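**Q** Starting off with a structure, shown below.
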Ligand SMILES: Nc1ncnc2c1ncn2[C@@H]1O[C@H](COP(=O)(O)OP(=O)(O)O)[C@@H](O)[C@H]1O
Ligand SMILES: O=C(O)C1=C[C@@H](OP(=O)(O)O)[C@@H](O)[C@H](O)C1
Ligand SMILES: [Mg+2]
């Protein structure tokens, strides 16, 4: 089977939906953030605090390139991954890309409901969180739009699988 890459904004559900899809398809699930944490032996917050974003983006680039075509993986990416280096081209050359296009208001609601300390770029106590995410969404859309499939709205694994199944 082709690899399936989930891309989209933080809190769009890539990690949650990706795991459920892999279970339903009985294939292997990887989360690029977890790959980086394992490789580095420290949290994403620690990586950002100690070595900065550019270092993290380089780690993202490196772990993405360990994924090869035809590995039957469901891959949940980090929200920024498609927007750096030529990662989006690599993703599209290596599998089927699916953009989880969740409304920004929903992202904020989810971030406020859950602790966001593991997302150093977004703070639930930021009074400008909605504006920050709206701006980031606009900046990232040109990359996200390069996905082969877009699933709009509040996503479930079933909804994504239906669209992926129809496409495959
Ligand atoms: N389909 C969904 N409906 C409601 N809440 C969701 C859904 N998917 C994810 N969440 C919640 O949103 C938060 C972020 O999900 P996560 O999978 O970590 O997103 P991402 O990997 O895209 O940042 C988690 O607390 C998760 O429980
Ligand atoms: O939007 C981003 O730039 C980031 C999103 C995070 O992943 P999720 O999208 O899974 O939250 C994680 O990679 C890192 O904190 C940076
Ligand atoms: Mg995630």
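Including glycine, each Cβ sits where the backbone N, Cα and C put it.
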**Q** In TrEMBL, 33, 57, 79 are given as binding substrate, so which of 140, 145 is in that site too?
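**A** Between 140, 145, TrEMBL records just one in the substrate site with 33, 57, 79, namely 140.
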**Q** Figure out which of 65, 68, 119 sits with 11, 12, 13, 14, 15, 16 in the ATP site per TrEMBL.
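**A** Site partner of 11, 12, 13, 14, 15, 16 for ATP, according to TrEMBL: 119.
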**Q** If you compare CA-to-CA distances from residue 13 (ATP binding site) to each of the binding-site residues 33, 57, 79, 140, which comes out shortest?
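**A** Comparing Cα positions, the candidate nearest residue 13 (ATP binding site) turns out to be 79.
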**Q** If one measures from the C-alpha of residue 12 (ATP binding site) to the C-alpha of residue 79 (substrate binding site), what distance in angstrom results, rounded to a whole number?
**A** 9
**Q** Let me check the 10 A CB neighbour count of residue 16 (ATP binding site). How many other CB atoms are there?
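**A** For residue 16 (ATP binding site), the 10 Å Cβ neighbour count is 16.
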